[in-house]
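What Swiss-Prot says about this one:
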ACT_SITE  ASP215  active site, proton acceptor
BINDING   LEU97, GLY98, ARG99, GLY100, SER101, TYR102, GLY103, LYS104, VAL105, LYS120  ATP binding site
DOMAIN    91-350  domain 'Protein kinase'
DOMAIN    351-426  domain 'AGC-kinase C-terminal'
MOD_RES   TYR102  phosphotyrosine
MOD_RES   SER248  phosphoserine
MOD_RES   THR392  phosphothreonine
MOD_RES   THR415  phosphothreonine
Amino acid sequence: MPVFMFDEHDNLNENYNSHLSSDDEIAEEGYDFEELEASASTITSSSDLKDGKNAKDEKGTVEFKVAAHGDFISSKGDNYVPSGKMRPADFQPLTVLGRGSYGKVLLVKQKNTGRLFAQKQLKKASIVLRAKGLEQTKNERQILEEVRHPFICRLYYAFQDHDRLYLILQYAPGGELFSHLAEQRMLPEDVVAFYTAELTLALIHLHKLGIVYRDLKPENCLLDAEGHILLTDFGLSKVAENGADCRSFVGTEEYCAPEILLEQPYDHAVDWWSMGILIFDLLTGSPPFTANNHKRIMEKITRAKPNIPFYVTSDARDIINKFLKKNPKQRLGADGPEKGYDAIKKHRIYRRIDWNKLEKRMLPPPIVPCITNPEAAENFSVEFTKLPLSTTPILHEEFGNLTIGSHSSAFQGFTYVASPNFLNCEFLSNNAVSNH
């Protein structure tokens, strides 16, 4: 299964089990860019996105954009000066961790420090040819910069060359939670409680920042060297400005809340629906609403009750049913920080969780990844780690009339370097996998 999901569809991912799917730095203002051809004329312009205003799509539904002062502009402000820009040549590729329609993810070693990172590569041409590719890329880049949480994957650098964007992310040597689930088929309730508790803290943090995650599933839950959760892939995440509802028809179908499938306005409550699906999946080995076609899956999600197996305990059964309320206002967690979050934490399935210690990473994880050589990516699928490292040239013919790298304003300001304190202290304390 994929390590990082590059969503290649503007709407739903069509397959729940689909596989993810010159190095000189180029000055961001130094491109000779041409206009997009008519075939890509529907792409939202950067000027439409940067002011954070609401816009309507072709169906008349409202889209809410990430509030930013400019395309990919750092929240540090105009006075923020990166301590040292990176470029592809600064990193040695070691192995492939995942791939998709937008690009791929590599395990890389920073040449001057020896530190290991996950390098997410995104092909510019693929991004601009998708109607929402620019918006999703901007959202992911902006959110990753803003978020600081022990159970959310960190962004350390962002840069670009002529053909690609690069995100240098925290490497999670424990691999996907999905891989551990696939190996064991079903996870014990105490294990499920621990990891969904860590995910709950991550989601609460995002919701307090006004971010709706929208793609919670085992493939997007990684394990660090100690076995703690790292939530990753924010390509479908959205900042709902001033508490406004979202309307985009996105997500992974089996994990989508009814209100998304029915194209109704929705908010952070969709993430708690996905949490209920995730708990069911981890306990039983599959999501509750499955079928061999999209229409049947949609009918089950919007109309049917989950068929919970007899061996699921009463506590787990109760929280699943409370998360999977069709009416989002009745859903556990929907009340937000005042009541909803406390109600989740006080549920009996989490009775053994000390939430203060959990957030400080003081509770031992139930799964400790076997890591004999962090550079070998032992906990990732051999389907990807066996792939060649060579970068495939991007051909003009591959994208019709679109000239590669012909859209300067769209990617202006993408570069990012985390503060020295964050790079050194955070990395050494939480991600020193080479000493594991």
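Cβ from N, Cα, C; glycine included.
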Per-residue pLDDT averaged over the domain 'Protein kinase' (91-350), given as an integer: 92
Distance, THR415 (phosphothreonine) to GLY103 (ATP binding site) (CA atoms, angstrom): 18
When distances run from the Cα of ARG99 (ATP binding site) to each of the recorded positions ASP215, SER248, THR415, the nearest one: ASP215
C-alpha spacing of SER248 (phosphoserine) relative to the residue listed as 'phosphotyrosine', in angstrom: 20
Residue pair the residue listed as 'phosphoserine', LEU97 (ATP binding site) - Cα distance, angstrom, rounded: 29
Cβ neighbour count (within 10 Å, all chains shown) around TYR102 (phosphotyrosine): 27
VAL105 (ATP binding site) and ASP215 (active site, proton acceptor), Cα-Cα, nearest whole angstrom: 18
VAL105 (ATP binding site) to THR415 (phosphothreonine) - Cα separation in whole Å: 18
All-chain count of other Cβ atoms within 10 Å of LEU97 (ATP binding site): 28
CB contacts for ASP215 (active site, proton acceptor) [other CB atoms within 10 A, all chains]: 24
Nearest-integer angstrom distance between the alpha carbons (Cα) of LEU97 (ATP binding site) and THR415 (phosphothreonine): 23
For GLY103 (ATP binding site): DSSP state (helix, strand, coil): strand
Neighbouring C-beta atoms (10 Å sphere around the C-beta of ARG99 (ATP binding site)): 21
